[in-house]
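The block underneath contains the structure these notes are about, expressed in C-alpha cells.
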C-alpha cells in the first residue's frame, strides 16, 4: 500500500514539474516573439481596427485623404457603349453619381476637402470629361488623369499591331490600357501626385468604380494616420472571406517575409482548381487599397515598384490573335514597407460586373443613403442571394425590358433564369427559384406572383422545389 502511495505521489510531482516547465517555455517563447519586427506581414480582422474607435477630430484625418477611382473600363460586358461608370445603377444614379454623392456627404458632414480623382483610359476619358460639368456645383473637387496606352502585340510575329500612334480608324483595336497596375507611373507622371503631397495629403484610397461597397472607411483611415505601434503602414489591402461566387479573386500569400498578391491569371492550369478552393484560400482581394503618397513618390523615383506581368491573350474582331501585357495595382504590395491586409466585412465588396449583379443592387435588398448602399435590416441573412440571369438578360436594355419592376428579393437565396422570361410588377421571389423557358417557349411571370422554392419550366408549370 505504501509503495502504491509513493508511486502516486511521484506521478503527481512529475505532473506539477511538467506544467511548470510548459509555463516557462510559453513565457520564454512570448519573450522571443516580442523581439520580432513589428507585424510586417499580417492580416488583421476589421473588428480589431474598428475597436480603436475614431479620433476626436475626424476632419483632421479626412483632410489627409484623396479618393481615387479606377475608371478605365467600358460597359461593353453589359451591352453598353461608353464608360461603365455612366451606367445607371440605382434610381437613375450612375456609378459616378453615387461616388460623388458619397464624397460630398463626407465633405459636408465633417467640413473637409476630400478630392475625387478618376484614372481614365483613352477609351473613357473624353466621355467622362463631358459629364463632369454636371458636378460643378457639388462640394467635391474632381481631377482626372489618363493611364498609359500600350500597343497590342501580334501573337505570331511578336511585333506591335499598331502602325502609328493614332487610335482611331483602322488603329482602333491596336491599343489597350495596360491594367490598373499602371496607376503608379501615370499618377506620378500626371503631376497630381506631387500636387497632393504639396497640399499635405498623405494617403490615397483606390478602388474600382463599379464596386459600390468601396466607400471611405474612417476606422481604416484612422488606423493609418495613427498607427498603434507608431510605425506607418505604407499599403493596406482590404480582403474579405471567399464564397463560391468569388473563386477567381486574387489572394494574399506570404513569401520571403512579404505579403504578395497572386492572381488567377498567374496560376498554372494544373493548379487552377486548387487556387479556386474556398477551403485552401479563404480570402480574396477586394481591390480596395490604401496607399501612402510619399511611398509611391519614393518608389517611383527609385524605379522600385515591382509587379508581376500578366499575359492576357485576346482575339480581335478580325480574328487576329494578340497579346496584352498587364499589371495589377495590388501586386505592388510587396514593394511597400509594413504592408497590411485587413479582413473586412463582405459589405465592402459589392461589384457590379453583370446584369445579375445589377438586379441585386437595384432591389429592396439594399437601401440608398447619401450615395452609399447598405443591406436592408429586413434581410435575415447577411449574405447576398446567388443570382444567375441567362443570356437574354446580358445587355442592360434587354434586362430592363424584362422587368416591369424589380422583384421583392428580401427572402431570396438563389435565383436562376434562363431563356425568354419576363417579370410583371410586384413579383416576390423567396428561397430557391429556378425559371427555365426552353427554346421557342416564353414565360411571363404574372404581376403580383409570389414564387417560393419553385421551379418554373417551359410551359409555365410551377412545381415545388
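Any Cβ shown, glycine's included, is placed from N, Cα and C.
Automatic prediction, not curation, is the source of TrEMBL annotations.
Taken from TrEMBL as is:
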type: BINDING; residues: 84, 147, 179, 210, 353; note: UTP binding site
type: BINDING; residues: 180; note: substrate binding site
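Residue 147 (UTP binding site) is surrounded by 25 other CB atoms, counting those within 10 A of its CB over all protein chains shown. Pairwise Cα distances among 84, 147, 179, 210, 353, which the record gives as the binders of UTP, peak at 21 Å.
Long-range neighbours of residue 353 (UTP binding site) (same chain, six or more residues apart, CB within less than 8 Å of its CB): 77, 210. Cα spacing between residue 147 (UTP binding site) and residue 180 (substrate binding site): 8 Å, rounded to the nearest whole number. Sequence-distant neighbours of residue 179 (UTP binding site) (same chain, six or more apart, CB under 8 Å from its CB) are 310, 326, 327, 328, 329, listed in sequence order.
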